[in-house]
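Below is one structure; the comments refer to it alone.
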Amino acid sequence: KEQTMFRLVVVVVGLCFTSAADRTEPAGGSWFVAAVYEHSVVLNPEPRTPLSRPAALRHMHDNLRVFEQQAALAAQQGAQILVFPEDGLQGFNFSRSSISGYLETIPDPQQESWNPCTEPGKYNNTEVLQSLSCMARRYNLYLVANMADLQLCPKTEPSSCPSDGRWQFNTNVVFRSDGLLVARYHKHNLYFEEAFDKPPRPEITTFDTPFAGTFGLITCFDILFQEPTLTLLEKGVRQIIFPTAWMNQLPLLDTIQFQKAFSSGANVTLLAANIRSDRLIMTGSGIYTPTSATCHHAQRGDPEEGRLLVARASGYCHEENCFDAPPPETASSVLPSSTTTTFISSMMYDPFTFVLLNETEGKVRVCNGTFCCRLQYRRLAPGGSKELYALGAFAGTHTVNGRYALQVCALVRCAGLEVTSCGQEVEEAESKLDFLLEGRFGTRYVYPSVLVNRLVLEQPQHLETAADGRVTMKHSKMTAGLVTACLYGRMYHLDQTIVTKKSAERQVDAFLVLFITQWVCSLRK
């Protein structure tokens, strides 16, 4: 047990930063102890083949045994809340019919009070709910898990009901430390999940704790969208629970990179638990505040095993500026107004406009349409290094595997020495840079990140948002070579425009088809 705890500390310090300021307990006792578990799922080798209920339970109990072990370890380290990842009980790639044996009907805790551990006979086929409830009760902690929920459609909503008369939801459940079911959240933004339905309306789900106040619930892909995430933030929720099965997407959406960026940009505490799978490029979990992180990101060649993280979290930053460095110089004195030769290259499937960093130090500016990014930099490359860096800008609609509006400024190490390699995935870098990165955004939701060699996070020394939308990130004295420095702006307010435009285009297409059909029919007459 002592060896396990020591190994945990070594991994955390090696892969993430922890702000010294966040280690000093504030007056008023606002600290709490959180735990997240990155889980290597025991998988069903044939997820497309339906299993009987007893067979599905045997499979899930293999994962529940691991959950039980980790809950015991978390409790021994003083955890008050423990988060398990999305799909952690059954795995992935089920069809709508093949997941049937894994489904349980989860009552709405807003409508009734139920403790599955102390009232196991109240509902049939709720063995997993009972196990999780007793786990929370046994170890005296709040417990969050993800499972598959079956709900029969009410007669009041026939239009949104699937043809088989039931909904199947990707669902987070929360149990109080005495085992009471206190929250149920149905994932709204599905990501190629054939087994599950999108809820007929977004669910804004929160629960209260005696040690840290209110938490909000989201799942995986939800974090990129207005509903429910932005609604939770605008309601003042500042602690977010985030079970996920996130596939790493460099150079802008690596797991720990975006988890920390979201925590800093949204000014929230984020408890993120991911799956561990080499085949699916899944790893990266953590406990984040705007100024600190305790996280784990497996490296290539690491054993494919689970990892428990336990850390004290102090809630969100109450100050206007949560960073310690002095303010950067003003844009007018630091940044140029001219541009140099630009080129287009694809990054994350989006056409970024790039400009190369050709000098040891300098100032560059690049625009994508009317959206511009500016950079002042000084490069500290080791002798013999020939790495290529570029500053990229993108403003538009991301359309691959999801549609959402973005404004992004990104300083990236290119994969090779050709400009066409800029924007490709890179995990390692040697060149350190002191830099000031700036853009003027049309949203106040801008998520900052600095990712260095072998996917290690660094905390920006200074982050500032001006009244005119200008966001400035300043960083120096890097510990390793820069992979990516990014200001990732989400234009949530334009998402509805995207949907409306798509609907209008479909209506026009349908009208044209109808018109042409009628015209052809008239000619035949």
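Numbering starts at 1 and runs along the chain as displayed.
Glycine residues also receive a Cβ, built from the backbone N, Cα and C atoms like all the rest.
Keep in mind that TrEMBL annotations are predicted by a computer and have not been checked by a curator.
The feature active site, proton acceptor is assigned by TrEMBL to Glu86. The Cβ of Glu86 (active site, proton acceptor) lies under 8 Å from the Cβ of Asn146, Asn170, Lys187, Thr219, Cys220, Pro243, Thr244, Ala245, Ala273, Ile275, each of which sits 6+ residues away along the same chain.
There are 27 other Cβ atoms within 10 Å of the Cβ belonging to Lys187 (active site, proton donor). Positions annotated as active site, proton donor by TrEMBL: Lys187.
The feature active site, nucleophile is assigned by TrEMBL to Cys220.
Feature annotation from TrEMBL assigns domain 'CN hydrolase' to 37-315.
According to TrEMBL, the feature signal peptide maps to 1-20.
Every protein chain shown contributes to the tally, and the Cβ of Cys220 (active site, nucleophile) ends up with 25 other Cβ atoms within 10 Å.
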